[in-house]
Amino acid sequence: MAFLKVAFGFLLTAFVSATLSLAYPGMGFGWGGGGVPGGQFGPPSYGLYPQFYQFSCPQAEDIVMSVLEKAIANEPRMAASLLRLHFHDCFVQGCDASVLLDDSATIVSEKNSLPNRNSIRGFEVIDEIKAKLEEACPQTVSCADILAMAARGSTVLSGGPSWELPLGRRDSKTASLSTSNNNIPPPNSTLQNLITLFQRQGLDEVDLVALSGGHTIGVARCVTFKQRLYNQNGNNLPDETLEKTYYYGLKSVCPSSGGDNNISPLDFGSPVKFDNLYFKLILWGKGLLNSDEVLLTGNVGNTMELVKAYAEDENLFFEQFAKSMIKMGSISPLTGFNGEVRKNCRLVN
């Protein structure tokens, strides 16, 4: 009889475990030490890990890449926009897809914050990925994980590094306009300000310089670098660190009044190729934003040495960029029973 009770208890445990796995697809309980953090017989663990959708949605990454390939072939700049979406998500409430939520009765959208207004983009690509994933694996793959996969895919499709991407983030039911305004580094930041804002997220100087290298692709609006051209230090003079011919070229794109939404590439030498030219341009006085330039001239910490090292060795930059992206993508994720998996990335369920 005792034997039957034990056997029944074991079956019940197995049934509950299987039922929970079905109810929360991809949720690893860390039993048996199958590559899931949490130990062999420890309590259930809800860490991020690359095999999260191995059984619940094995085709997830292929679906993401197929949409990205089409979107980026159509508009190469989209790669940078999607990389930026992930960054602007993670720096607010952690990597929880709060940036994707539209205004509603309960949500004040982050899309209207100063760093995002008139510039954040790529939402339609995320919508398309989500629709295809919902078709293949309903309510399984979170919007937060879609952002992380889209950032990596965009890097790869632009010629940059790949990395093994931990997955299992869940989606927030909230957004924070004020945190978006306060936590995302502005383009006119001093170096100390950049270091402080990155440290707030658990990221160090090495992460700061490597992740700034994401500016090897994409563009910036005139309003983000106008101050450097016309009034860098409140004396109606340009930033003296700007190389002269580069400065005159920028002035032609960005007049002293008006033209705020005119765009200029962050890396004019290879604006859609993910490479280390961004760092070389900084050394040559041709970094676009103040926040790029101060990595070289800011006189705090070791950022100058890192800029030089990455300018010299592209592999070193690629390797560190991948590590820092994994680190950034792991900021305060919602896991386990926290948050939800949104059906539509723009709305809470």
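For all residues, glycine too, the Cβ spot is worked out from N, Cα and C.
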TrEMBL annotation, disulfide partner of CYS137 among CYS57, CYS90, CYS222: CYS57
Close in space, distant in sequence - THR216 (Ca(2+) 2 binding site), Cβ under 8 Å, 6 or more apart: GLY160, LEU266, ASP267, SER270, LYS273, PHE274, ASP275, ASN276, LEU277, TYR278
Euclidean distance between Cα atoms of VAL92 (Ca(2+) 1 binding site) and ARG84 (site 'Transition state stabilizer'), Å: 13
Cβ contacts of HIS215 (heme b binding site) (under 8 Å, same chain, 6 or more positions away): LEU266, ASP267, TYR278, LEU288, LEU289, ASP292
Output field, Ca(2+) 2 shell: CB within 8 Å of site CB centroid, site THR216, ASP267, ASP275 dropped: GLY213, HIS215, ILE217, GLY269, SER270, PRO271, LYS273, PHE274, ASN276, LEU277, TYR278
